[in-house]
Amino acid sequence: MWSACVERLSQELPVQQVNTWIRPLVARVADDGSRVTLAVANRFKMDWVRAQYVGKIGAALQAIAGQPVAVELVLAPREAPSAPRPSTPGVAGGAVPRVAVAPARTDPVFAELPEAPAAAEPPLPDHKHRLNPALTFATLVEGSANRMARAAAMHVAASPGQLYNPLFIYGGVGLGKTHLVHAIGNQLLADRPDAKVLYIHAEQFVSDVVKSYQRKTFDAFKQRYHSLDLLLIDDVQFFANKDRTQEEFFNAFEALLAKKSHIVMTSDTYPKGLTDIHERLVSRFDSGLTVAIEPPELEMRVAILISKAQAEGATMPEDVAFFVAKNVRSNVRELEGALRKILAYSRFNQKEVSIALAREALKDLLSIQNRQISVENIQKTVADFYKIKVADMYSKKRPANIARPRQIAMYLAKELTQKSLPEIGELFGGRDHTTVLHAVRKIAAERQNQPELNQQLHVLEQTLKG
Ligand SMILES: Nc1ncnc2c1ncn2[C@@H]1O[C@H](COP(=O)(O)OP(=O)(O)OP(=O)(O)O)[C@@H](O)[C@H]1O
């Protein structure tokens, strides 16, 4: 169905657009053909595909399927960087090892943007700041995961060009980096409407360099970037292997810092973890303040759900928010997706939001997770439930308040994963398989005649399975 759709669009659109924007999409078609989920590599592409092509894709699919087909875009995040991030949130230390460098690519300067769109491309950033007014500090829920980054960002918004210049914010996909940089821009403009602010995604910057080169308009390019008061640049890891772009960015960087303009950057890794970016740029990225945004913890996920539901004019009871937050852990974007599904389901079926409704609305998502229950997940959930530390799952400690949850976790690991007894033992701090077997048998037997334990296991199983 999807190949037919691509074929059809090839008749309508210039070949370059099809090759650039349509063919790279990875499609998953629902069994009944009523929905197509398209995986897009990053936010920038997602926004562009949504704005330019989703309508056309939907129409082509409808023509092929003979029924309306819902088109959904999802992010297929890039692989996580190969080096672990510093585990503690906050300012990154200086001596973090560089991650392994990806195989070098030959880099003729303007193979730089292989997918540079020919006909349909985002307009050049000229007078517009490109800020999304909805992304403000007021709509950004605070929690320990983003406290430091948020405080630094607020400081920059209040007094740009002073402390923390450049501000480098890093963290995983969908954790609020883009939101935070927009919030800085929006706040500065609210205070000083005449300030020259620009938000740009690194890929757009690359594209801008390419066009300025092709059109020989570097003077205008320089004027545009070097005259800013605040440059917000998202996902700088996209500069990897783009030598000419790095050079232009370096020039802009130096010019802006010299005139005390502020630069805020985001990335999926800390500066020294960036690959294929020149050392002189990396060291500049790290020369102001580098802060991490961590994945939100349970309570923050709950707060985000409740606040986003309110913003939609809906109510999300706390027990439902907890249920969703426990089951959707990866990032805030996924939480938003889950919330959207629940609210749509509730409106469509004219039913109140409840756990049962959320379970139904998120059926697909939960069943995917169901297949992916990991021992780590079990250890974390059981530790949360019995209020002990995850580390106690691997420790040699024996007090009953620790040993028992550990046995419960082993039992669930045997029940809910495909792991063997020795593998489970290994994951519980290198324990012998007989220890695991003993735990599994003991909990299984006690479950039969202890209703309270049975109930607790039931809750844990439901939480883990969704
Ligand atoms: N703390 C938060 N409070 C409220 N909303 C949040 C929070 N963190 C993230 N979001 C929302 O989650 C979504 C994803 O966030 P955002 O796009 O800023 O992530 P990102 O870190 O830039 O991801 P990527 O690396 O994919 O670009 C956005 O809609 C954003 O508004």
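Using N, Cα and C of the backbone, Cβ positions are placed for all residues, glycine too.
Because TrEMBL annotations are produced automatically, they should be read as predictions rather than curated entries.
Summarising the annotation, TrEMBL assigns ATP binding site to Gly174, Gly176, Lys177, Thr178. According to TrEMBL, the feature domain 'AAA+ ATPase' maps to 163-297. What TrEMBL records for 374-443 is domain 'Chromosomal replication initiator DnaA C-terminal'. The region 'Domain I, interacts with DnaA modulators' annotation in TrEMBL covers 1-83. As annotated by TrEMBL, region 'Domain III, AAA+ region' applies to 130-346. Look at TrEMBL and you will find 347-466 tagged as region 'Domain IV, binds dsDNA'.
Mapped onto DSSP classes, the region 'Domain I, interacts with DnaA modulators' (1-83) shows 41 helix, 16 strand, 26 coil. What surrounds the ATP site, by Cβ distance within 8 Å of the Cβ centroid and not counting Gly174, Gly176, Lys177, Thr178, is the set Gly171, Val173, Leu175, His179, Leu180, Thr266, Ile293, Val332, Arg333 from the same chain.
Ranking the binding-site residues Gly174, Gly176 by other CB atoms within 10 A of the CB puts Gly174 at the bottom. Cβ neighbours within 10 Å of Thr178 (ATP binding site), excluding its own Cβ and spanning all shown chains: 20. Around Lys177 (ATP binding site), taking its Cβ as the centre, 23 other Cβ atoms fall within 10 Å, counting all chains. Under DSSP, Thr178 (ATP binding site) is assigned to a helix (H, G or I) in the three-state scheme. Over the domain 'Chromosomal replication initiator DnaA C-terminal' (374-443), the average per-residue pLDDT in this prediction is 92. DSSP states for the domain 'Chromosomal replication initiator DnaA C-terminal' (374-443), grouped as helix (H, G, I), strand (E, B) and coil, give 50 helix, 0 strand, 20 coil. As a summary of secondary structure, the domain 'AAA+ ATPase' (163-297) carries 68 helix, 26 strand, 41 coil according to DSSP.
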